[in-house]
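Chemist: After the structure tokens below, expect a handful of questions from me.
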Amino acid sequence: MGKPTLPPVVVVVVLLLLVVVLPATTCGADAGGGGEAEEFQIPRDGRVLELDDGNFDAAVRAAGLLFVDFYAPWCGHCKRLAPQLDEAAPVLAGLSTPIVVAKVNADKYKKLGSKYGVDGFPTLMLFDHGTPTEYTGSRKADLLVENLKKLVAPDVSVLESDSAIKSFVEDAGMGFPLFLGFGVDESLIVEYGAKYKNRAWFSVAKDFSEDMMVFYDFDKVPALVSVNPKYREQSIFYGPFDDGAFLEDFIRNSLLPLVVPMNRETVKMLNDDGRKVVLMILQDDESDENSPRLIKVLRSAASANRDLVFGYVGVNQWEEFTETFDVKSSELPTMIVWDKKEEYEIVEGSERLEEGDYGSQISRFLEGYRAGRTIKKKVGDRSPTLLGVNAVYILVFLVAVLVLLMYFSGQGEEDQRPRQRAHED
């Protein structure tokens, strides 16, 4: 006998029941039987939350601002980041506009990571009322707090009183330059507030007293005051405000200190600045007794030559950077003009700054540069006397690369893991 079969009509009825009943059952389970998604409770103690694919969406809805670390347990960079997030989380939770910090094991919850384009660890994202933006700034706790405060702030803050101005400056902290527009219409700077949002604070003061005019040292309005609290610098722009080129030049120039101390963080800040860099290279920019005097003279030159960026660096402080300019200790202190890419120029007759009248020597250097009396060199070039040594270094490097390639070619599971995201603060 053949196996009994169901009539076609019965099959159709069963399928219809499955289509109608199963979705309703599933929704009821997700909603806890009440027909509504369970509300996520944000803890008030400022700890880092551990989220998963079951509560992530609810957490995004509950927290207006949610900063998420998509991590993997085996990732070394993630392990080093964890204590920084633990330190930053209570500070961010205590802001006037709180930011909740959370983490997700994206190696375990791969679909959740894939949904937000996570292809390496750690991946950091800020969810602003549900809208994700990848964060690529510093991962040190204090700088992380400053950067996130800046990201969630309005492009231009409107201040209605002296107390509001003081609170704005205090809340901004020391991490970024500030622009305070006294008697300046918001519409005149809102474009730049958006354009340079990640690099400075912008505000307009609609009501203020004469005390503010005295404190910020301006005597008429409209006036745009630039304050760089980290370097204790201040400058004032009185206009013209109807010419965007002049206004943006002032803003762009004020994003950097008058003389930039070169380090890994400040070099990154130069990327968006189109000016070349007049770089003074010292043996030691901290302990050398002549360094303060040299930097003071360099500051005077910088204020008179705003079409150039001026900076200084000590060999003892950052040898890896200074050696790319092929300078010798016997030639220090020296000056070059660097294009921030592949070339730099030395000025003929100004190869070394001799002790004495530094002001005149720096003036002659700038005159020689503007007159074109320069020799162009490639960044990373070495003198002929170092070719033999470099050849040895290159050989050692190639052997090391070969060994690494052989090692990683034998890895199985490890190669299948998403890459770790290195980040240099």
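Cβ from N, Cα, C; glycine included.
Marked as active site, nucleophile by Swiss-Prot on the basis of similarity to another entry: CYS75, CYS78. What Swiss-Prot lists as disulfide bond is CYS75-CYS78, and the listing cites sequence analysis. The domain 'Thioredoxin' annotation in Swiss-Prot covers 29-153. Annotation source Swiss-Prot lists signal peptide at 1-28, citing sequence analysis. Swiss-Prot lists GLY76, HIS77 with the feature site 'Contributes to redox potential value', giving similarity to another entry as the kind of evidence. What Swiss-Prot records for ARG139 is site 'Lowers pKa of C-terminal Cys of active site'. What Swiss-Prot records for 386-406 is transmembrane segment.
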Chemist: Report the mean pLDDT of the predicted model across the domain 'Thioredoxin' (29-153), rounded to a whole number.
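Modeler: Mean model confidence (pLDDT) across the domain 'Thioredoxin' (29-153) is 88.
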Chemist: In the domain 'Thioredoxin' (29-153), how many residues does DSSP put in helix, strand and coil?
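Modeler: Output for the domain 'Thioredoxin' (29-153) reads 45 helix, 29 strand, 51 coil.
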Chemist: A 10 Å Cβ contact count, applied to the active-site residues CYS75, CYS78: which residue has the minimum?
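Modeler: Selected from the active-site residues CYS75, CYS78 on minimum Cβ neighbours within 10 Å: CYS75.
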Chemist: Measuring Cα to Cα, how many Å separate HIS77 (site 'Contributes to redox potential value') from ARG139 (site 'Lowers pKa of C-terminal Cys of active site')?
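Modeler: So the Cα of ARG139 (site 'Lowers pKa of C-terminal Cys of active site') lies 10 Å away from that of HIS77 (site 'Contributes to redox potential value').
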Chemist: Say you check the Cα of ARG139 (site 'Lowers pKa of C-terminal Cys of active site') against those of the recorded positions CYS75, GLY76, CYS78; which is nearest?
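Modeler: Going through CYS75, GLY76, CYS78 one by one, the closest to ARG139 (site 'Lowers pKa of C-terminal Cys of active site') is CYS78.
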Chemist: Of all the recorded sites given, HIS77, ARG139, which residue's CB has the most CB neighbours within 10 A?
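Modeler: Going through HIS77, ARG139 one by one, the largest Cβ count within 10 Å is at ARG139.
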Chemist: Taking 10 A as the limit, how many CB atoms besides its own sit near the CB of GLY76 (site 'Contributes to redox potential value')?
Modeler: 11
